[in-house]
Amino acid sequence: MARKLAVIGSGLMGSGIAQVSAQAGWDVVLRDVTDEALRRGTDAIRASYDKFVGKGTMEAHDADAALARITATTDLDAVADADLVIEAVFEKLEIKHEIFRALDALVRPDAVLASNTSAIPITKIAAATERPERVVGVHFFSPVPMMRLVELVRGYKTSDETLATAREFAESVGKTCIVVNRDVAGFVTTRLISALVVEATKLYESGVASAEDIDLACKLGFGHAMGPLATADLTGVDILLHATSNIYTESQDEKFAPPELMRRMVDAGDIGRKSGQGFYTY
Ligand SMILES: NC(=O)c1ccc[n+]([C@@H]2O[C@H](COP(=O)([O-])OP(=O)(O)OC[C@H]3O[C@@H](n4cnc5c(N)ncnc54)[C@H](O)[C@@H]3O)[C@@H](O)[C@H]2O)c1
């Protein structure tokens, strides 16, 4: 099985993907545009391994070996011999296009190019390459080492072989996959959480129930681990506004139209836990 992985972007998701892959025995090239970003990414990986070692769920020598399998670099040419490349940069189609165009010219023709996008249709990303059949969505969840799901997304031209490679990779790093057969904006997971958060926000905005009660309804009534408004605060109201706006623009489906309250919260900087204030105060 293919064993050399390249990860483009060493932010929250890219560093997490590099972390679990190196731990599973993959040789990883982690590429970002600045040394500063790479330092942040590798520091986060080291801190996470240290935590597992401290808890006794990972041996110190395994953590050292995993770290040694990660090469952090700003040099894109270093990814040329990868079997699989996963892109995890900002959620902007133009940036992803630029990267996929460069990767297509650089990596072996049989290599698979994957994106960790949470909402952009894979077909749109693949259009920047001459190998759309070898482009696939491999959508991890945050925090990557803890969340067991990977959403595999087929673009219009993604081949069965490419999907199988993506599944083999995701399972090799200990994840369970779901398959999205048509790359609708937001796929399955982002559509579900967006629809729930939009409706929860509308109920709260119009005074039907308090934030606490809306979240309790989902926790105690449906067995959700977390209510939708607390989830929005954790993920970032800004991130969810962006996601639901993208789905709405693409689908014109009214249920994804972002509520005014979400827009105003983002305008005011009340974007959730990271700002200290969202639907709740932290
Ligand atoms: N944050 C989440 O919970 C989450 C969950 C699932 C999927 N995603 C998706 O994963 C992707 C990355 O999200 P994130 O939260 O890790 O973002 P982030 O902002 O933490 O990191 C993005 C990284 O990409 C780097 N970058 C930008 N341009 C680059 C280039 N040309 N080459 C290499 N690196 C470049 C940046 O320097 C930064 O380090 C996005 O598409 C996002 O939608 C995010």
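Glycine residues also receive a Cβ, built from the backbone N, Cα and C atoms like all the rest.
Other Cβ atoms within 10 Å of the Cβ of SER48 (CoA binding site), summed over all protein chains shown, number 21. Annotation comment: TrEMBL describes SER48, LYS55, SER118 as CoA binding site.
Residues or ranges marked as domain '3-hydroxyacyl-CoA dehydrogenase NAD binding' by TrEMBL: 4-183.
Across the domain '3-hydroxyacyl-CoA dehydrogenase C-terminal' (186-282), mean pLDDT in this model comes to 97. Per TrEMBL, domain '3-hydroxyacyl-CoA dehydrogenase C-terminal' is recorded for 186-282.
According to TrEMBL, the site 'Important for catalytic activity' annotation covers HIS139. In the structure as shown, the Cβ atom of HIS139 (site 'Important for catalytic activity') sits within 10 Å of 26 other Cβ atoms.
Checking the binding-site residues SER48, LYS55, SER118 against ligand 1 with a 6 Å cutoff on the Cβ atom leaves SER118, in sequence order. In sequence order, GLU91, HIS139, GLY186, PHE187, THR189, THR190, ALA243 are the residues near SER118 (CoA binding site), counting only same-chain partners six or more apart with C-beta under 8 A. Secondary structure of the domain '3-hydroxyacyl-CoA dehydrogenase C-terminal' (186-282) per DSSP (helix as H, G, I; strand as E, B; remaining residues coil): 67 helix, 3 strand, 27 coil.
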